[in-house]
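Feature list (source: TrEMBL):
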- His413: active site (ACT_SITE)
- Asp465: active site (ACT_SITE)
- Glu474: active site (ACT_SITE)
- 530-610: domain 'Carbohydrate binding' (DOMAIN)
- 1-24: signal peptide (SIGNAL)
Amino acid sequence: MEKFVRLISMAPFFLLLCLPFALAGHDYGRALSKSILFFEAQRSGYLPHNQRVTWRSNSGLNDGKASGVDLVGGYYDAGDNVKFGLPMAFTITMMSWSIIEYGKQLGSSGELGHAMNAVKWGTDYLIKAHPQPDVLYGEVGDGNTDHYCWQRPEDMTTDRRAYKIDPSNPGSDLAGETAAAMAAASIVFRRSNPSYANELLTHARQLFDFADKYRGKYDSSITVAQKYYRSVSGYNDELLWAAAWLYQATNNQYYLNYLGNNGDSMGGTGWAMTEFGWDVKYAGVQTLVAKFLMQGKAGQHAPVFEEYQQKAEYFMCSCLGKGSRNVQKTPGGLIFRQRWNNMQFVTSASFLTTVYSDYLASAGRNLNCAAGNVAPSQLLAFAKSQVDYILGDNPRATSYMVGYGNNYPQQVHHRGSSIVSYKVDPTFVTCRGGYATWFSRKGSDPNLLTGAIVGGPDAYDNFADERDNYEQTEPATYNNAPLLGLLARLSGGHGGYNQLLPVVVPAPIEKKPAPQPKITPARASTSAPVAIVQKTTATWIAKGKTYYRYSTIVTNKSAKELKDIKLSISKLYGPLWGLTKSGNFYAFPSWITSLAAGKSLEFVYVHSASAADVSVSSYTLA
């Protein structure tokens, strides 16, 4: 997450009016698979044997060591290499909520196991970060030194100091959100791994007690977080949020009473919101409490819970444009909150409208807005419109999910994606050298950050695909987390059950990995000056079909400069990146005019077949 100031030159909006919307139907199942895969690119620590994002390697292996605690693991939040506790915990809460609501659909898509693995990668780290009941580590590394460098996680030389909260330096917002994440995740694992679920609940209860007893804002204790993840809303929303998740996980009346007794004083019944995200949780709390009310669980707190529900419905109506104060939208219809990483608010709001649509449908009632009654189906239709915009139905016909569609960001503001993979070239990338060699490079990223949701367009639907445009091209884990549930719901339908009944997340069905197609290097004699080597770098299943991502390396084996190469590619059945189509042949991409002796270029393609036939048609040696 970058905080630099720059001027972005955009094309005037009237030019965009000439561009058609991409109105073809979307493959939500395919998008779901990609959205989950992104989390594997964000992993820190020792990567597992079944790691599917193969261009990443182990990193951050000494995290916490200087503080005498093991903090290896977890997620990098965005395009940098810092582990920020507040957004990481929110990411895990939202992934868990997605699975809780739409586990059946995730199971049908074959992605439930991957989604649960993504949650567990985060909760395993949170357990490590909570070594004592009243101690929680909330950050590893710091944004200032990290942003001074442009390095892959595998190379980073920046300060990896660990920062904690404790009774003398409290952080109720951080501890509260982490408690919410642990409680929500315990529901996810209750059936498939009950002992782990109980361990998570123990941590969640301790963290809630710690947050409630020792009150204070976490960024007053971990001051290095202020520039990047300042807690503007304070901690009352996180305390209510944690209580709501602990009630859902335990059915313990204590937490229900907490919501009822503190709703007024902590703002749960007072704040009418038009945003929901890692900082401001009120709309999420209000949605959950409205669910409890519709489930008939409010008891003596029914009058207070009705006030929560009124505020939840204020949020829903504002998203639809039917409230007394509505969210801003771009001319193309996208929710717009701010210039920097606006997409985080789009995915989070769309998730809330989706689950609330299902709650209302299960309760057999409509939504009451200032502009009149609204059927639950309109909330779902709104969420679908936002997802469709993200996937390409917008004035630019641009997909803001990397790797989905034919026109998506190529220069993502992401250190690991923008620098050659450590496995391809382990040559050390220096702190400032990374800026000179890789950050300033105008070509497409060497590593495809599949599934990443970038910051997105501005208030007028304009977007500049430039690596230094951090406001628009940087991804974040909390952009993707709500999408798991959204895309599962859109791809799998309603599921045919009452969304207000007790939730049982099914155990994931382990699938045997699909057999890898045999890769045959392109035909070339051993004495040929141009060598071509292909390999499979990723595999996934969508709609019952197995897709493969191939990396092809073209190397100049001669002692001269290679120019004017023409490649012949046959048996190609999908999109290709990294070459320029020239008639019936493929040539160097626009940013390369030649290959020096011994140098290589890489291009990639995706299709559901064995490797394409790649051969050299002609070239010039100078």
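Backbone N, Cα and C atoms are what each Cβ position is placed from, and that goes for glycine too.
The structure, with features from TrEMBL marked on it.
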| residue | record | CB count, 10 Å |
| --- | --- | --- |
| His413 | active site | 26 |
| Asp465 | active site | 17 |
| Glu474 | active site | 24 |
- Pairwise Cα distance for His413 (active site)/Glu474 (active site) [Å, integer]: 5
- Message: I'm trying to understand the geometry here, so how far is the Cα atom of Asp465 (active site) from the Cα atom of Glu474 (active site), in Å to the nearest whole number?
- Response: 10
- For the domain 'Carbohydrate binding' (530-610), DSSP counts of helix, strand and coil? 0 helix, 52 strand, 29 coil
